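Database features (Swiss-Prot):
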type    : residues       : note
BINDING : 179-234        : ATP binding site
BINDING : Asp305, Glu319 : Mg(2+) 1 binding site
BINDING : Glu319, Asn321 : Mg(2+) 2 binding site
DOMAIN  : 146-352        : domain 'ATP-grasp'
Amino acid sequence: MSRTTVALFFGGQSAEHEISIISAQSIAAHLDTERFTLLPIYITHSGEWLCDGFARTLLTTNLASKLRGSSREETAAALQQMVRNAAQAPCNRNLAALGVDVAFLALHGSFGEDGRMQGFLETCGIPYTGCGVLASALTMDKALTKLCVADAGIAVAQGTNILSADYLANPNAVEASVEAQVSYPLFVKPASLGSSIGISKVHNREELHPALQAACALDWKVVVESTVKGREIEVAVLGNADPIASVCGEIEPGKEFYDFQDKYMGNSAKLFIPARIPESLQEEVRRSALTAYRALGCSGMARVDFFVDESTNSVVLNEVNTIPGFTDISMYPQMMEASGISYRNLITRLLELALEPLRR
C-alpha cells in the first residue's frame, strides 16, 4: 500500500512562529511513518516557503532550550540568521506538483490559524487538518467568538471591545470608557493573538495605559474582560460530524495568569488531568465544549478553554483554539492521552478526519 504524503506546515508570519516549530517537531516525531510520508514545509517570518532540506533540519533543532535561555526576539533573530545561512531557494507552492495528499497545519496565530491558509488550501484542492475557513476565521477573533457562544447559551465574561485606532486617537477617553464598563481587576487581550501573547492583567488605571498600548500595538482590535475568579479548565475536542470531548484538564498558574512562559517553557504552572472538580461539573464543562464547538462550526479539532467561577460554579467560556499547541507539554495532546488516544494515534486520527469525504 502506498503511503500518504503529508505536508507539515510550520513557522509562519505570526508572533507564535517559534512555538509552531516546537509543535511541528513533536508532530513529526509521532507521525506513523508506515502510513505517511513527511514533507516538512517551513514558512519563514517573511512568508517564504522552504521545503524539505532546511525544514527537515529545523525539525531536529532544540528550539525549546533556546527559548528558555533567551527572549522570543533573540530566538527569532537567530532563526532568521539560520535561514540566511542555509541559502536555500524558496520551494514551489504548487502542492500537487510536490505530490502532497494532505496538509497538517501546525501554524499558530495569524496567517495560519485564522482562515487564510485554510482558504489557500481549499483553492488548491488539498485537504487539511483542523477547522475549515469560516470556523478558523471566527474563532481567531475573541470578540466574535464570545458573541457566537453566548447566542448558544454559554456564559462569557463581562467586557468590551476597543479598536486600536480609536485608542491611539484618544487614549484618555477610551480608558475612561473601559473603567465605566469593566471593573478591576481586568484582562486586556489582543483580539486575534494566541499563546497569551500581549495579554495583561490590570489592577488600576496606572496599569491600564501600558496594557492597552501593548495590546493595540499587536492587533487592530482589543478585548477587555472582567476577571473570573476560579479554576481554569480546558477540554480537547476531536471530530467532524460527531465530535468527542476529552477528560477535563486544569491549569493552576504559577503567576496571576497562564502566560507564554508557563504554556511553553513549563516554568511554574501546575497541570492537573483530570481536573480537580466534581464529575458532574466535568460533564457540564464537556457538554459546553461540544456546544461551543458545534456553534462555531468547528471540525477536526479545537481546545476549548473555560473558567469555573469559584463562588457560583458557573462555567464561563474563555477562548477556543483551533490549532492548539502540540508541544510535549501542551494540554491538547495530554488530555487526549488521558482519554485513551495516544499522541501517535491522535496525529493519525486528525489526518483521517481531514481526508473524510464530507470535509472535502
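From the backbone N, Cα and C atoms, a Cβ is placed for every residue, glycine too.
If you compare Cα positions, Glu319 (Mg(2+) 1 binding site) sits closest to Val228 out of the binding-site residues Ser200, Glu207, Ala214, Lys221, Val228. For Asp305 (Mg(2+) 1 binding site), the spatially nearest entry among the binding-site residues Leu186, Leu193, Ser200, Glu207 is Leu193, judged by CA separation. Following the DSSP three-state reduction, the secondary structure of Glu207 (ATP binding site) is helix. Annotated pair Val228 (ATP binding site) and Asn321 (Mg(2+) 2 binding site), C-alpha to C-alpha distance, rounded: 19 Å.
Between the alpha carbons (Cα) of Glu207 (ATP binding site) and Asn321 (Mg(2+) 2 binding site) lies a span of roughly 27 Å. Annotated pair Ala214 (ATP binding site) and Asn321 (Mg(2+) 2 binding site), C-alpha to C-alpha distance, rounded: 22 Å.
DSSP assigns Ser200 (ATP binding site) to a strand segment in the three-state reduction.
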